[in-house]
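According to TrEMBL, the protein has these features:
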{"type": "BINDING", "residues": "H127, D156, H158, D160, C247, D249", "note": "Mn(2+) 1 binding site"}
{"type": "BINDING", "residues": "D156, H158, C247, D249", "note": "Mn(2+) 2 binding site"}
Amino acid sequence: MHEPADMTRWQGRIDAEEGAAGKRWHQVVQPLAPDRTGPAGQGVALLGFACDAGVARNHGRTGAKAGPAAIRRVLANMPVRRCTAIADAGDVQCDDDALEPAQQALSDAITALLQRGYLPLVMGGGHEIAFGSFGGLAQHVASVENMPRIGVINLDAHFDLRMAERASSGTPFRQIAEDCARRGWPFKYCCLGISDFANTQALFDRARQFGVRWLLDEEMHIGRLEQVQTMVAAFLEEVDHVYLTICLDVLPAAQAPGVSAPAARGVPLEVVEPVVDLVANSGKLRLADVAELNPGYDIDHRTARVAARLLTRIAERAGH
Ligand SMILES: N=CN[C@@H](CCC(=O)O)C(=O)O
Ligand SMILES: [Mn+2]
Ligand SMILES: [Mn+2]
């Protein structure tokens, strides 16, 4: 289920004439076995969640299983700057419909990375990744604190609070809410970029019932950036640990065509990036992931490029 890093995938351009200042990620990335007993480390640990089961169960367009490999291909050529400690912890693979054991394996791998001091950057996979990601952070934090204040910040066109009987890419934050209730923890969920036209009334009602803080896509244009930042900063004040999750369908379809459900409007990168920077600079970011990349629908690798750009931004601000 958990496959070690395949370092032969890290191929890219070599600018030997530039010396150390010409280095790219493929020249510095190191393989990492994510077991709890390994030595403490620092920097970012990349981890893939190769999974189609969540999107398939949610009646979407499958193909997200190929997401981690597509993102690594773009990351390989990223210039090395502020973040120099980059590890690849391999991929958790979901076989066919075996979603629940794959999510548990993802949680365990993330917990191990957190225990050893890494900032895990996880690459989906559909948004069912979020239940596994949160579980990994929860397991880690529960071992050191009784009543942690964990904030979940989701950049997404969708609430993903569905009540479906089986877990899917549409249910993770409802599952996280239930997990928090079981643990006696507050559920602090901030959802940024919600489309009024891609969520039913039932989902808005549930969001209200769970005390979710949200902004609509139409409230997140560049002219309102200051108000958006004020809202996110207020949410950050209320929590000690942050899990940031980015559903790539929050972006306009032109910037992120390679997803299951492309956005008719979306939140442009010029707003998404300052929000991500605010979170990454907060000192509270413990874990981040990107979800829903479907390389089969990606034009010119646009969506993979956005995913890699966002992960690199996070690594440069929080991963050292
Ligand atoms: N993770 C995606 N969730 C969306 C998908 C919407 C769609 O496929 O149209 C949801 O369930 O609402
Ligand atoms: Mn979405
Ligand atoms: Mn989502």
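Glycine is treated like the rest: Cβ placed from N, Cα and C.
Here the features listed in TrEMBL are placed on the structure.
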| residue | record | DSSP class |
| --- | --- | --- |
| H127 | Mn(2+) 1 binding site | coil |
| D156 | Mn(2+) 1 binding site | coil |
| C247 | Mn(2+) 1 binding site | strand |
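Within the same chain, the residues at least 6 positions away from C247 (Mn(2+) 1 binding site) whose Cβ sits under 8 Å from its Cβ are H127, N154, L155, D156, A157, H158, D160, A291, E292, listed in sequence order. Long-range Cβ contacts of D249 (Mn(2+) 1 binding site) within its own chain (separation 6+, distance under 8 Å): D156, A157, H158, A256, V259, S260, A261, P262, A263, G266, E292. Within 10 Å of the C-beta atom of D156 (Mn(2+) 1 binding site) sit 29 other C-beta atoms, taking all shown protein chains into account. Neighbours of the Mn(2+) 1 site: apart from H127, D156, H158, D160, C247, D249, residues of the same chain with C-beta atoms within 8 angstroms of the site's C-beta centroid are N154, A157, F159, S169, V250, A261, A291, E292. Same-chain residues with CB within 8 A of the center of the D156, H158, C247, D249 CB atoms, the Mn(2+) 2 site residues themselves not counted, are H127, N154, L155, A157, D160, G193, L248, V250, A261, A291, E292. H127 (Mn(2+) 1 binding site) has a Cβ environment of 32 other Cβ atoms inside 10 Å.
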